[in-house]
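Here's the structure, in C-alpha cells; my notes come after.
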Amino acid sequence: MQLKRVVEAKLPTPWGDFLMVGFEELATGHDHVALVYGDISGHTPVLARVHSECLTGDALFSLRCDCGFQLEAALTQIAEEGRGILLYHRQEGRNIGLLNKIRAYALQDQGYDTVEANHQLGFAADERDFTLCADMFKLLGVNEVRLLTNNPKKVEILTEAGINIVERVPLIVGRNPNNEHYLDTKAEKMGHLLNK
C-alpha cells in the first residue's frame with residue numbers, strides 16, 4: 001500500500017452531498033482525495049472516475065482540454081446513479097506539474113502537439129502513476145468498478161493493480177475548436193478512445 005487514509009468530511013455540492021476522503025502518500029506526503037456518493041458497500045460494481053488534477057480545466061474553465069467538462073459530467077453521472085466514487089488524482093499536467101504544464105502550453109502555442117511538447121520538456125507523454133488510485137479504491141473497500149474513462153491504459157494499469165474493471169464507460173464531452181487538435185492527438189498518439 002502506497003497510501004494511507006487520513007481524514008474524511010461531508011462535502012455538499014450542486015449534485016448532492018459527497019463524503020470527501022483524504023489520502024496521503026507514504027513516501028512523499030502528497031495528498032489525494034476521493035469523493036464518495038451514496039452507499040458504495042455491497043457486491044455491485046461501483047460507477048467510478050479517476051480524474052487527474054487539472055487546475056486550468058477544473059478551476060479556471062480552460063477550453064484547451066476536456067478535463068473540466070469530464071469532471072462535471074462524471075459528478076453528474078455518479079449522482080444520477082445514486083452511488084459512486086470520483087478519485088481526484090493529484091498529478092497535475094499528466095504528472096509534470098503546473099509550471100511545466102504551462103511550459104507545454106507555450107510549446108503548443110508554437111505548433112507542438114501535447115505529446116511533442118512533453119517530449120521537448122524531457123517528459124514522457126504521460127507520467128501519471130495510476131497504481132496509487134488502485135490503492136485508494138482498496139482503502140475504500142472497493143475492488144469492482146464501472147470506470148468512466150476514455151483511456152485504455154488507465155483500465156490496464158488498474159486491472160494489473162488488482163481492481164476488476166467490469167465495464168469501461170465512455171466519457172466524451174467538451175470537444176470544441178480550442179481542444180480538437182489536443183483530443184485528436186490523445187486519440188492518435190496515446191490510444192484514447194474518442195469519437196468526433
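The first residue you see is number 1, and the count goes up from there.
Just so it is clear, glycine is given a Cβ too, placed from its N, Cα and C backbone atoms.
Shown in sequence order, Ser52, Asn118, Ala125, Asp126, Glu127, Arg128 are the residues of the chain, 6+ apart in sequence, with a C-beta less than 8 angstroms from the C-beta of Arg94 (GTP binding site). According to Swiss-Prot, the feature GTP binding site maps to Arg49, Val50, His51, Ser52, Glu53, Gln70, Glu92, Gly93, Arg94, Thr114, Thr149, Lys154.
Taken residue by residue with DSSP, Cys65 (Zn(2+) binding site) is part of neither helix nor strand, so it is coil. Residues annotated as Zn(2+) binding site in Swiss-Prot, with sequence analysis given as evidence: Cys54, Cys65, Cys67.
Sequence annotations record features per position, and here Swiss-Prot assigns active site, proton acceptor to Asp126 based on sequence analysis. Asp126 (active site, proton acceptor) falls within neither a helix nor a strand when secondary structure is assigned with DSSP, and so counts as coil. Other Cβ atoms within 10 Å of the Cβ of Asp126 (active site, proton acceptor), summed over all protein chains shown, number 20.
Taken from Swiss-Prot, the feature active site, nucleophile applies to Arg128.
Among the binding-site residues Cys54, Cys65, Cys67, the ones whose Cα sits within 10 Å of the Cα of Glu92 (GTP binding site) are Cys54, in sequence order. For the pair His51 (GTP binding site) and Cys67 (Zn(2+) binding site), the C-alpha distance works out to 8 angstrom. Put plainly, the binding-site residues Cys54, Cys67 were compared by Cβ crowding within 10 Å, and the winner is Cys54. For the Zn(2+) site, the Cβ centre of Cys54, Cys65, Cys67 serves as reference, and the other residues of the chain with Cβ at most 8 Å from it are Ser52, Thr56, Gly57, Asp58, Ser62, Arg64, Asp66, Gly68, Gln70.
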